[in-house]
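Peer 1: Starting off with a structure, shown below.
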Amino acid sequence: STLCLLMLNFFLSFRWLVIAVGLVRAYLAKGSYHSLYYSIEKPLKFFQTGALLEILHCALGIVPSSVVLTAFQVMSRVFLTWAVTHSVKEVQTEDSVLLFVVAWTITEIIRYSFYTFSLLNHLPYLIKWARYTLFIVLYPMGVSGELLTIYAALPFVRQSGLYSISLPNKYNFSFDYYTFLILVMISYIPIFPQLYFHMLHQRRKVLSHTEEHRKLE
């Protein structure tokens, strides 16, 4: 079972390395960070959709993460990938898209490297430190990119009526996607601080324990 977990975590790290390499290669080729989304669009859609399986992995205990936190993280990313960035073509050139893609990529490479080395019982302190420290910058960076991308999509959604259902219809049901996106943005207000401070608490707990252990040695 350990071998299976190692292979799983290696694959999950590899998929984000593919995206990282794609971004770097595109930047070196273009000499600009603008519109780099197109260079990683296909692997991002494929890997991020496949991440839905991670919710199941957490539920089964295959991956040592919270089911609720993982579900929220994965579903929000899938939503950003398909329901916003893919559906509203006009936002694909926004720098905010690159902002959250870079944040996601670095975060996931570190996270799955952490899991892999932990399974090998040889976790370098640098990776543990990065796992519980870089989120301080990467998490707000990713959330900012997500919110800015949704905000940039709003006028195009309103103009096109994307995914909206108006009355009258045989189901007597209406849905305004524009309003829904605004509500999604508002939902970040109570959720982001809770997750962020939870992670800060975990950082203090894990790194302080590590420092005490190192002093004893």
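The backbone N, Cα and C atoms fix where each Cβ goes, and this holds for glycine too.
Annotations in TrEMBL come from automatic prediction, not curation.
Pasting the feature list from TrEMBL:
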{"type": "TRANSMEM", "residues": "6-28", "note": "transmembrane segment"}
{"type": "TRANSMEM", "residues": "49-76", "note": "transmembrane segment"}
{"type": "TRANSMEM", "residues": "132-157", "note": "transmembrane segment"}
{"type": "TRANSMEM", "residues": "177-197", "note": "transmembrane segment"}
Peer 1: For the transmembrane segment (6-28), name the stretch out of 49-76, 132-157, 177-197 with the most CB-CB pairs under 8 Å.
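Peer 2: Stretch with the highest Cβ contact count: 49-76.
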Peer 1: Can you work out which residues elsewhere in the same chain, 6+ from the ends of the transmembrane segment (49-76), have a Cβ less than 8 Å from its Cβ atoms?
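Peer 2: Contacts of the transmembrane segment (49-76) (Cβ under 8 Å, skipping residues fewer than 6 from its ends): 5, 8-9, 12, 15, 82, 115, 146, 191, 195, 198.
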Peer 1: Can you tell me which parts of the same chain pack against the transmembrane segment (132-157), counting only residues 6+ beyond its ends and a CB-CB cutoff under 8 A?
Peer 2: 76, 80, 84-85, 88, 90-91, 94, 96-104, 106-107, 110, 163, 177-178, 181-182, 184-185, 188, 192, 195-196, 199-200, 202-203, 206-207
